[in-house]
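Shown next, in structure tokens, is the structure this report addresses.
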Amino acid sequence: MRNRRIRILFTVIVFVFALLGLILPLSGNVNDISILRFFPNINLGLDIQGGVLLEYSFDVPEGVNTSEVVDNVITVLRRRMDNAGYTEAIVSEVVSGGESRVRVEIPGISDTQRAEELIGSKGKLYFAEVLEVVESTTTPEITRNRTIQINGEEIEMYSYVKDSNNPNLWYRVKNVFEFGDAPFQITGLDVTDAVASLNSQGAGFVVNLNFSNEGRQKFELATANLVNERIAIILDDEVIIAPVVRERISQGRAEISGIESMEEAQNIAVLIKSGNLPVDLVKYQERTLGPTLGRDIVTTIINAGIIGLIIVMIYMIIFYRWMGVIADIALIYNTFLLMGILSWTGAILTLPGIAGIILTFGTTVDGNIIIYERIKEELRIGRPPLTAVKFGFNKVFSTIFDANITTILAGLVLFFVTSGSIRGFAVTLIIGVLGAMFTNLVVSRLLLESTSHFLKPEKYVKGIVVEKGGTK
């Protein structure tokens, strides 16, 4: 009795957990495609709702671990997508022909310009002392230069950097500040936050920077020694702004002004907050996918799946009577469980993923048929309904378990060796089969044991009926 209560409680908790994943506002998605409109928390892939796919290649410096570079690139790009509001974007590694590339999939957008600006920019921010400004149609040459080592990195003391708005305007800058006890740099690592806003002092937009404690001390030291001189704020080897220092700045804040649009200001803020890319990215491919084709296909697939599901449910009731009703309840339970887990985990639902869901319907029904045929055999030899149910489940447990585990292993292989939409199929297959195994072995058993008195053993008994301890 105690075990049965535990199973009831566990079954209810799992169902409530899945249901909460479907009804709680976990995301801001608005799915308006067929029945998916009732599951707004499920993230849809590019092949369903359309979007942009961008893929980038890169060169790894000799002696540097490729895996570490890939992980760093993915981490930085993931932060950039989140900070830019593309929270549903997928950033992943793609390996082809022994070459690693990074793929970024952004559902629901059609304009690639901003995405390319965010992804393709290296995001390297630093401050430098301006020594002179020259005009030239080509890159000026540094006649005398030297390097200095800071934190194990060799840095050129001087360089020419072009203006972001005027390609013929060049700043000769000193990349290292030589004030205080030791030379130092002020980089994006010293910035804790960057916020885009309207310029309250004049036209245009600004990006407000907040420094860390160490960054504040560096910036205060630099500005104290450069009063009436210019400091350049450089992003991706372009001078964004080079203001004149009027006084020592000790508040730990700086401002990038002169930005023409809010979008540009937001992009700069995102790049600064997200950190530097360890390598330069080169665009390998770009695809823009419209949502119309995906929606039409999804609607067709879902409608076909619903029709097939109804036919299967009717079939189960006709051939298995009350056990068929239990099978249908288990099927609905598994559907909610699968959708709930997809919502909670944030997994991306793709067209192959929908095919995986439909496949799990068959897995759930197939498992129930195996169990019910075994129960019918137990009823035929005269076992009472409740005993027949218990014997039936006990005897097919290993069969159901082994069959589902085999399918799950195949799904795991697909998940780890593939990418994109095929991985989406693997995800829904694994979740669906796990749900099918749970509903077959726990939910269906609980319901059948609780309602075994609805079974009609006389429909299955043939010949001599065997009772406990003798014959009749």
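Residue positions begin at 1 at the first shown residue.
Using N, Cα and C of the backbone, Cβ positions are placed for all residues, glycine too.
Per Swiss-Prot, the feature transmembrane segment maps to 8-28 (among others).
Annotation comment: Swiss-Prot describes 300-320 (among others) as transmembrane segment.
What Swiss-Prot records for 325-347 (among others) is transmembrane segment, and it gives sequence analysis as the kind of evidence.
Only residues 6 or more beyond the boundaries of the transmembrane segment (353-375), in the same chain, are considered here, and those with a CB under 8 A from a CB of the stretch are 45, 298, 301-302, 305, 308-309, 312, 316, 320, 323, 326-327, 330-331, 334-335, 338, 347, 388-389, 391-393, 395-396, 399-400, 403-404, 407, 421, 424-429, 431-433, 435-437, 439-440, 444, 448. Positions annotated as transmembrane segment by Swiss-Prot, on the basis of sequence analysis: 353-375 (among others).
Swiss-Prot lists 396-416 (among others) with the feature transmembrane segment, giving sequence analysis as the kind of evidence. For the transmembrane segment (396-416), the list of distant contacts is 363, 367, 370-371, 374, 422-423, 425-427, 429-430, 433-434, 436-437, 440-441: same-chain residues at least six beyond its ends, Cβ to Cβ under 8 Å.
Same-chain residues lying 6 or more positions outside the transmembrane segment (424-444) and placing a CB less than 8 Å from one of its CB atoms are 7, 10-11, 14, 45, 326-327, 329-331, 333-334, 337-338, 341-342, 347-350, 352-357, 359-360, 363-364, 367-368, 371, 393, 397, 400-401, 404, 407-408, 411-412, 414-415, 418. According to Swiss-Prot, the transmembrane segment annotation covers 424-444 (among others), on the basis of sequence analysis.
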Long-range environment of the transmembrane segment (8-28) - Cβ separation under 8 angstroms, sequence gap at least 6: 38-41, 43, 87-88, 333, 336-337, 339-344, 346, 438, 442-443, 446
